[in-house]
Amino acid sequence: MYRPACDRAPVPGITPPWRCTVFAPTLARTLLQAALIAAFLSGYLCLPPAANAATVAPPPAKEKRVPPASASASVDFPTIVERYGPAVVNISATASEQSSSIPAPAAIDADDPILAFVKHVTPKSQASQDGSARAMTGMGSGFIVSPDGLILTTAHVVDQADEVTVRLTDRREFKAKVLAVDAQSDVALIQIDATKLPTVKLGDSSRVRVGESVLAIGSPDSFANTVAAGIVSATSRTLQDGSSFPFFQTDIAANPDNSGGPLFNRAGEVVGIDVQIYADSDRSPSLAFAIPINMAAKVRSQVQAAKATSPGGLGVEVQDVGPGLAVAFGLPRPAGALVNSVAPGTTAAASGLKPGDVIVRIGDKPIDRSTELGEDAAALPPGTKTTLKLIRNRRPMTLTVMVGASAESPKARPVEGGSGSGDRLGLSMHPLTEDERRASDLAVGLMVDGVDGPAASAGIQPGDIVLSLNDTLVETQADVAALEAKAGKQVAVLIQRNHARSFVSVAVR
């Protein structure tokens with residue numbers, strides 16, 4: 001007779017005999033041999049123990065795992081290289097002298113390898129024969145994100161450069177224009193004059209996980225791509241001062257001059273921009289990082305928004321609607337793009353769009369923040385007609401505008417004489433003089449002489465030019481007095497300061 005060491009005896013047909021330790025050696029050896037022979041003959045060694053039972057029960061439900069974003073459409077690395085390699089470019093930048101625009105923060109320890117990231121790669125210097133000025137050259141990679149020549153790269157590759165040259169894998173060369181450099185995120189956007197270019201596909205870097213396989217493609221000082229693969233070692237790091245270091249760290253063996261190149265996931269999507277760190281003078285890379293592509297996408301969106309607000313786009317300057325301005329304009333919630341100014345000679349002016357209009361929808365897309373207006377407008381081909389739904393004087397209305405076209409705008413009304421004062425606002429003003437009109441490029445407006453109370457609290461300063469109150473143009477003392485008399489608790493004041501316009505919410509007394 002034997003006794004199992006577990007707390008209950010085996011159940012015939014359900015619990016395999018080897019799940020409990022047996023104290024009778026002979027019987028244990030017999031049962032073990034029988035089980036092994038049976039498993040070998042039946043091929044069940046790879047099945048769970050329950051498979052040897054007399055009655056086969058259905059396999060237990062496996063725990064459902066949520067795969068990463070790339071797992072659903074995994075592409076092998078050679079296919080990614082073949083498909084997107086032509087969109088990776090070589091970038092060389094030349095500057096007249098060395099200039100570092102990215103200081104090392106004191107929060108990073110001197111021995112911390114992260115310090116090398118902030119310092120980046122120092123450009124190669126070429127001493128001139130006369131010993132006066134030296135030509136500084138930098139080399140890196142980039143990748144094309146639009147068929148018309150927009151290229152993302154790292155800021156330290158092109159920052160302070162006098163000339164930037166882009167080389168494609170098909171051996172074509174172009175001079176590039178630097179559109180934006182964001183030193184904080186180390187992202188730069190440049191453009192070349194070309195069309196029908198190959199592009200990469202951008203992914204979502206917020207879904208990158210530690211341990212995920214990634215592929216780096218670069219285009220060092222040649223026309224051929226270099227490729228390296230690895231995994232994501234870390235997705236963030238906390239510095240000594242408690243601030244976040246949001247870049248990915250990878251274990252990829254870096255190739256020289258690959259900074260600025262794309263980092264792909266297994267789905268063939270770019271999730272980061274490669275950054276090389278050289279800790280030694282011989283440029284041996286010691287660490288590899290990647291800038292999350294979501295950070296780079298914000299820089300690109302800002303440039304597109306600027307294009308949309310240029311005379312070649314919508315031709316308007318806009319700002320967000322805060323809670324105070326929402327009350328002043330009678331909006332149900334702080335949302336939309338508040339128009340500060342309309343550029344002359346654009347269809348936005350010809351269509352009747354005015355400062356003080358709050359655009360809440362372009363086409364079929366709602367506008368929650370002002371940047372969305374520029375992004376949506378930039379996505380439309382030049383010459384496209386679209387509708388703008390807006391709020392004017394607390395009433396909804398719709399305008400039709402053609403994106404990217406130009407037209408003559410109506411002339412502004414001449415200014416009348418008189419002086420103005422804003423008792424409830426705390427403003428002392430006078431109509432613009434002839435010299436002030438020429439200096440400000442304005443035909444109408446009231447120059448602020450002094451501020452106190454509500455206006456001072458709202459940030460209005462002497463020298464600002466008041467253009468409107470609650471979406472109504474002001475030119476004389478009578479205009480100001482009439483608007484103050486019927487104003488509520490919040491007044492939206494449109495001012496111009498240093499040729500830039502913005503609305504200020506003033507809580508009147």
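Just so it is clear, glycine is given a Cβ too, placed from its N, Cα and C backbone atoms.
Just so it is clear, the model here is predicted, and its values are computed rather than measured.
Listed in TrEMBL for this protein:
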DOMAIN    302-394  domain 'PDZ'
DOMAIN    421-499  domain 'PDZ'
REGION    406-426  region 'Disordered'
Per DSSP, what is the helix/strand/coil residue tally across the domain 'PDZ' (421-499)?
23 helix, 28 strand, 28 coil
Within the domain 'PDZ' (302-394), how many residues are helix, strand or coil going by DSSP?
26 helix, 27 strand, 40 coil
On the 0 to 100 scale, where does the mean pLDDT of the domain 'PDZ' (302-394) fall?
80
